[in-house]
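To keep things clear, I will list the structure first and then write my remarks on it.
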Ligand SMILES: Cc1cc2nc3c(=O)[nH]c(=O)nc-3n(C[C@H](O)[C@H](O)[C@H](O)COP(=O)(O)OP(=O)(O)OC[C@H]3O[C@@H](n4cnc5c(N)ncnc54)[C@H](O)[C@@H]3O)c2cc1C
Ligand SMILES: Cc1cc2nc3c(=O)[nH]c(=O)nc-3n(C[C@H](O)[C@H](O)[C@H](O)COP(=O)(O)OP(=O)(O)OC[C@H]3O[C@@H](n4cnc5c(N)ncnc54)[C@H](O)[C@@H]3O)c2cc1C
Ligand code: SF4
Ligand code: SF4
Ligand code: FES
């Protein structure tokens with residue numbers, strides 16, 4: 001008997017959104033999530049491929065067909081436990097993973113139609129679990145060994161959770177007053193609600209992981225001191241937090257922020273609720289955000305929500321923008337303006353030192369450069385002035401330098417990233433491992449998590465081999 | 001939580017706290033600072049480490065009430081706690097035997113000068129200290145400074161204590177009569193600027209800058225200063241810099257970034273009746 005072939009619905013079930021006209025005035029989450037019936041219907045689009053190519057696209061190797069099958073059976077608890085075998089932060093990945101370049105890119109259905117909405121389904125089951133509060137914590141039996149994790153971003157948290165599940169006593173040291181790294185200070189509330197990050201972190205703490213905030217490793221204990229104090233291994237996941245500036249005239253005027261400062265004031269310090277929260281932010285009437293990545297989109301959409309007219313100024317074209325398509329679309333719907341093929345050459349201010357305008361230059365695209373993208377070439381004589389009162393630099397971040405400066409013999413490359421063995425995350429110092437943005441440069445949440453997972457395995461092997 | 005184990009009013013609007021933070025106390029060095037946040041709604045503000053006691057595990061901070069966070073802090077009592085307290089941040093002062101060092105402290109800046117002067121004295125320097133304030137009541141730590149200095153001079157704007165005039169007037173006299181190898185100055189920006197101006201270029205001047213900060217770990221760039229034409233992050237590259245090379249105009253300009261917001265915050269704070277100093 002041959003099975004009746006279901007006809008595949010060619011497009012993903014659309015994600016319900018907060019209306020663009022409304023959401024540009026609030027910080028509530030933009031994407032609202034599937035309901036149960038939509039999730040089941042979307043799950044039914046999966047054809048359960050034997051070789052499951054989607055899994056190759058997932059850096060943490062979630063058993064995607066298996067969890068999707070559970071959704072079709074309405075066994076949502078079963079679905080989440082399959083995901084959690086590999087991913088401790090599903091509610092976060094389901095929201096911010098660039099799925100279109102990862103799992104969904106490899107999906108068989110995606111060859112002819114739109115791929116299965118794997119990310120949205122992952123988010124659905126993670127949210128379902130939170131709403132139904134039926135988390136079962138299997139605490140591992142302590143094995144008497146201790147591991148220190150430096151930095152509580154997705155990379156450090158993942159390594160911490162995996163090691164705790166193997167029985168290690170794990171302590172995470174975090175410089176800021178709140179754990180989460182970029183998830184709390186960088187990515188805005190409207191894309192990733194902080195309550196969700198807090199819930200995911202709470203579930204890692206339930207595994208027995210201790211998180212010490214307000215602890216700057218290198219200023220308090222150094223990495224070598226942690227090893228001397230009895231930690232059997234150290235994992236460094238300190239991220240790419242050092243903001244870059246352009247080195248153009250006027251960059252230190254009042255009204256020029258790094259994206260990190262602008263976003264940290266808003267997200268970590270909740271300046272959008274000033275003066276109830278005491279940290280101020282000044283946004284002005286017209287804001288230019290320089291850059292075309294996720295960070296730039298987040299800054300531009302935040303400025304918009306704070307009441308400003310918001311411009312993205314990017315020196316290449318839409319094609320080359322590194323931000324996720326979805327984020328660019330959302331920004332456009334909300335009314336962010338785009339000045340493409342444009343870059344500032346000078347920022348001008350008044351006698352009080354406040355920004356009043358920005359001199360920009362137009363660009364055209366030349367031959368592809370080493371990144372494979374067509375390189376921008378300035379057009380002579382194309383300078384013009386743009387009236388703005390705030391400029392936000394979102395042109396990239398370098399590695400946080402503190403650990404490298406205070407850890408002798410730790411090998412770094414010329415950019416300052418820590419050099420590691422790709423498969424284990426082992427650094428030049430025995431017992432010291434590293435991963436995430438501090439190694440790769442600014443990348444993605446899921447790659448940082450993947451590095452944390454690999455390092456957890458390698459740390460386990462390392463400690464066992466020492467006996 | 002970090003407990004306030006001792007509280008003292010040194011002068012009107014200037015208070016001293018000892019905060020229980022044993023790990024920070026163990027690592028603290030002169031010249032470094034901490035960042036604190038009083039509660040969930042609070043702002044992160046930097047304050048210099050005025051002293052530390054490794055045995056008891058406390059850090060001493062001295063602050064002047066100039067805005068909403070410092071006023072809120074001033075209302076706290078012994079036994080109260082602060083939510084967040086992180087440090088020691090920034091680079092420690094350079095301490096070695098330079099010869100003769102003049103340490104200048106203005107207003108609340110006397111506090112951060114104290115541990116530096118003490119360490120310089122212990123390193124074998126002849127330490128000439130000059131401390132100043134607007135008026136006698138505002139002068140802090142005269143006795144403490146006298147104990148650790150080879151020589152102490154006092155100046156007040158109105159002449160109610162020590163010599164009438166500015167600390168720079170005393171400094172000019174000292175520079176005229178002594179061979180000085182180094183000057184350290186901490187206080188209001190205008191004072192540090194003036195000290196840098198009256199000190200000849202051959203004598204190094206170390207100043208401690210206090211720009212607006214957020215994280216204090218080099219992550220946000222709010223604390224940008226220009227020193228010798230290069231942009232530096234005061235929280236990780238400083239807070240001490242060569243006073244001859246600082247772009248002082250920029251320091252003043254950037255400290256005014258949020259003046260309007262600071263006023264707003266004070267207004268809403270007073271409206272809530274939060275501050276007991278208002279009648
Ligand atoms: C605004 C913004 C938007 C983004 N959007 C996306 C997105 O949509 N999708 C996506 O996949 N990726 C996105 N990214 C990238 C992603 O967030 C990062 O790749 C990821 O967070 C890296 O994780 P990590 O654990 O390596 O480091 P981080 O998240 O940077 O965490 C590092 C942590 O270490 C702490 N630390 C640093 N030094 C010390 C020290 N000496 N002692 C103690 N603690 C220390 C830091 O305070 C921080 O909390 C975005 C990044 C930004 C900035
Ligand atoms: C490294 C460093 C060490 C310092 N040490 C001391 C000290 O020992 N004693 C002391 O009394 N003060 C010190 N300050 C200054 C102190 O941080 C500010 O007075 C305090 O932040 C004011 O906050 P507020 O809310 O009470 O006032 P606000 O009304 O917010 O501001 C008043 C003034 O403080 C400055 N300021 C505001 N917010 C910040 C911030 N987040 N960071 C830095 N400055 C800010 C503003 O430029 C303004 O001029 C130091 C500053 C730095 C950077
Ligand atoms: S973690 Fe990311 S890549 Fe993996 S399945 Fe989920 S959305 Fe896809
Ligand atoms: S590739 Fe697509 S259709 Fe195939 S199992 Fe994975 S999600 Fe399902
Ligand atoms: S305070 Fe953020 S970089 Fe110095």
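Every residue gets a Cβ built from N, Cα and C, even glycine.
Feature annotations, reproduced from TrEMBL:
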- B:62, B:63, B:64: FAD binding site (BINDING)
- B:220, B:223, B:235: [2Fe-2S] cluster binding site (BINDING)
- B:1-95: domain 'FAD-binding FR-type' (DOMAIN)
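Annotated features, which come from TrEMBL, shown on the structure.
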residue	record	Cβ within 10 Å
B:62	FAD binding site	24
B:63	FAD binding site	22
B:64	FAD binding site	20
B:220	[2Fe-2S] cluster binding site	28
B:223	[2Fe-2S] cluster binding site	26
B:235	[2Fe-2S] cluster binding site	27
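On the 0 to 100 pLDDT scale, the domain 'FAD-binding FR-type' (B:1-95) averages 94 in this prediction. Surrounding the centroid of the Cβ atoms of B:62, B:63, B:64, where the record places FAD, the chain contributes additional residues within 8 Å, namely B:10, B:14, B:15, B:16, B:47, B:61, B:65, B:70, B:108, B:111. Straight-line distance linking the Cα atoms of residue B:223 ([2Fe-2S] cluster binding site) and residue B:62 (FAD binding site), rounded to a whole number, equals 21 Å. In this entry, B:220 stand out among the binding-site residues B:62, B:63, B:64, B:220, B:223, B:235 as having a C-beta under 8 A from a C-beta of chain A. DSSP gives residue B:223 ([2Fe-2S] cluster binding site) a coil state; it is part of no helix or strand. Not one of the binding-site residues listed as B:62, B:63, B:64 brings a Cβ under 6 Å of any atom of ligand 5.
A strand conformation is recorded for residue B:64 (FAD binding site) in the three-state DSSP classification. Among the binding-site residues B:220, B:223, B:235, not one has its Cβ under 6 Å from an atom of ligand 2. Using the Cβ center of B:220, B:223, B:235 for [2Fe-2S] cluster, the list of other same-chain residues with Cβ within 8 Å runs, in sequence order, B:211, B:213, B:214, B:215, B:216, B:217, B:218, B:219, B:221, B:222, B:224, B:233, B:234, B:236.
If you measure from the Cα atom of residue B:63 (FAD binding site) to that of residue B:220 ([2Fe-2S] cluster binding site), you get 24 Å.
It is 19 Å from the Cα atom of residue B:235 ([2Fe-2S] cluster binding site) to that of residue B:62 (FAD binding site). Rounded to the nearest whole angstrom, the C-alpha distance between residue B:220 ([2Fe-2S] cluster binding site) and residue B:64 (FAD binding site) is 25.
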